[in-house]
């Protein structure tokens, strides 16, 4: 909550400390530790490592971004609660790990095939749970509004409300501290590109994400159901007249978005095993939405491109300006791209209605 | 319920200005006296100090009024409004705290216009490149702006991150018994100040709404392309909306900083921004009384029901969903205000049509609701500014 005044921590110790602080004694002096860097050397040094790592991060962004983009294409709606669907996926993954007998902290002593099988199992559980959650979200928060012809902002508010509610349910159920670290597959370098080590995790995540993307892309562009999605995105009224069941298409769209978010959740938890926390979806959700807008919202390939670019650019920015500036780089990049290409890099194609 | 609301607003609009004032003055006096009366069921004590809770609600209401200019009047979705609030608070901190590297200690009354000017400028700076974007792109860019402001407060050394600024200037003055009117522990004086500021801002906004600027905003909100084609310089008026909304946000930021006396990077996150948005939409965007009610509820309910802290936000989230399902236009949705105004003029000219007005109002509002629903599709390929810029 915003305006809850707290007593400023005016402990005498702090006041003394700030008086003795050289920055206070001699204002506007050049600090020994600059708060922003411009380290081109580091950028060049870590170029390849950053690129590969950024692609792995970006794949996770892209998978979440696909969910935003699909829903936006069909309903012209920013599904703000999508980040919570992702968090549900993260917890589904985590609880599956627990259910399979993995314990926080301990490295599993299993043959590699068994571990991969377990990972796939956890991924499937996460995808199913997140998919169902997304469909449930649509039923509870969006469908009643559609029935009543609510204004567009009302959808945004129910999305925010749903986001709050889901977060709090998870917090009340699992507590507000992050879950313990369960690492099934420790990262280990497999080979190097220009001196940058590439880990097994990075390879798995990038390849698996690309595979998921290709499946999703083919589903939307080739399958019968996908044709329905595109039809509704293009013109809901005409699509309905042509016999497309709009409600069903919307449900499927949410399900697909949820499934992709579930997959993203598995990859995320493989990279950042300490990341299972009730509010962990927030920043990631914003980044993923940024990625979707960057590529051109409503456009599947745009979401992939936007996610990868965002992941890589963040890493470059981190090297260039310092770790604290990572998120700033992401948002500044967004503003810059939209200034020159107001509909994103690839433009809007799934929903040509707003092009 | 909706019909009754319309009847009330209809009756209200039919009164002359002095009569409206005669009704408003006791209401304002009652609102001012509220923390002194401290009514038993309404009070938030013993969980939260009642004047402080009311002060927070008043600041929230001021923010909602400012955001309402951007969202309710001009129809621009701003998700980073907290950024302006933060800029206002930080301006106050930099200009008056002994922790500031600027080394100046201006009094609060000097800070207020400076802070409003600074936030207004930041609104223009944010608006100039982004207001050519449409709808949801604008939403995400403003969200990014809010995050950038917060991250700057985190990272830029002179802004002191988590350590923050202490002893920010507050207005002077003493009660007859010698205790200061404006103090951190007793929010009574600040609450009165906030209410008075709200009244002034409301008067200003009311006049603005009825001016050329207000009409231009509504034209932009209802159909930007049609407005542009009718000769309304939409871009310039959108920037005005941003700038004025930002200035009110900055004003509330200075007010808040003065009361707490301390600013750090902790309370300017996007969640806060979404709560502002929730207040505006909950109360009824475009309706000044509505957004004040919405802001009051969003700020007051968590304070009042603090005895159940575990479920506070859960209840809040569920309540938002239920409310939007049953009253998607907000508690006091009233987007037809200008129409009603035009109809009054019409009635004065042609007297006889007066009897038809109430039914005509609901019919036209329904039709307009449908129209609003189809607008995004209507923009289809025909939009001349559809993003090719």
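The backbone N, Cα and C atoms fix where each Cβ goes, glycine too.
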Practice task
For the transmembrane segment entry in TrEMBL, name the matching range from A:17-38, A:149-170.
Solution key: A:149-170
Completion exercise
Given A:85-106, A:149-170, A:249-270, the one sharing the most C-beta pairs under 8 Å with the transmembrane segment (A:112-137) is A:249-270
Exercise for the section: Report, as numbers and ranges, which residues of the same chain sit near the transmembrane segment (A:85-106): CB under 8 Å and 6 or more residues beyond its ends. Expected result: 64, 67, 118, 121-123, 125-127, 129-130, 133-134, 137, 166-167, 170, 174, 179-182, 184, 257-258, 261-266, 268-269, 275-276, 278-281, 284-285, 288
Problem - Interface check, the transmembrane segment (A:249-270) with the transmembrane segment (A:149-170), three or more C-beta pairs under 8 A - result: no
